[in-house]
Amino acid sequence: MNIKDLTTEQRNPKSLHIDSATPLEIVKIINQEDKKIADAVGTQDKEIAKAIEYASKRYREGGRLIYVGAGTSGRLGILDAVELVPTYRINPERAIGLIAGGQSAMFRAVEGAEDDLQLGEKDLKDLKLNEKDIVIGLAASGRTPYVIGCLKYANQVKALTISIACVKKSEIGKYADIAIEAVVGPEVITGSTRMKAGTAQKMILNMISTGVMIKQGKVYENVMVDVMPTNSKLVDRACRIIEVATGVSESVASDTLEKADMNVAVAITMLKTGVDKEKAMDILKECNGNISSVVNNY
């Protein structure tokens, strides 16, 4: 398919005269178009759920979440990877974002990088990609050569491959075990896929990574139990999580968090079972870090 024929490259009839619109009219036009995004993502719920299911299994076996993309898509992948570390207390080496052109491309375009098929393979080889890993390829147009190169190589080593595009029958989808294609329609500004397409990709990434973390036992009821309290705001949040999850007072929550070496999951387990820190850690390990299992079995 030619680039000009892609949905993401079409002109949007609803914004043809946006150049002469007032600021309020601009906001209303963009807002009306953005309302279509959630519905487009909703058409892919079964594929997204499948991605969560399969990725959760690989991650539990020691695999890594590896996001690959160019431009906006690459930056969104890096953002998701980076945020998982403090939110769910995971090893930074288990959530990795790759962008065509390397780290400098995060802040400034690197000409020609996204068109380099071999560069994608090289970047994954440098990470020593293996069959336990999960590779998520992002491309709004569904045709970025760098992403195709990544997915092709990932298939060779039998890693799980997931593609996220904003067009139907995407090129990257041909090289993915699971193809997610949320068609959001033409952008308000023609071809500016950082807008609706970028938002759709971010929503899908939120669902996949959050789902995978939930399945690792990183959430109890609907609160984060593996948050990394690295500053005063997060320490306060950690205490509130313990209060909500166990019903104890603020002072008890704070005291137990300190005894648990600032580990929220361990603190909750201590309060739920009445055991000390060492025993709580053993129990959590037995239950694969899942506090619901701890509560039900102890």
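For all residues, glycine too, the Cβ spot is worked out from N, Cα and C.
Among the features that Swiss-Prot reports, domain 'SIS' is placed at 55-218, with the record citing sequence analysis.
What Swiss-Prot lists as active site, proton donor is E83, and the listing cites sequence analysis. The DSSP secondary structure for E83 (active site, proton donor) is helix.
For E114 (active site), the Cβ neighbour count at a 10 Å cut-off comes to 23, with all displayed protein chains included. Residues annotated as active site in Swiss-Prot, with sequence analysis given as evidence: E114.
Looking just at the domain 'SIS' (55-218), the mean pLDDT is 96. For E83 (active site, proton donor), other Cβ atoms within 10 Å of its Cβ number 14.
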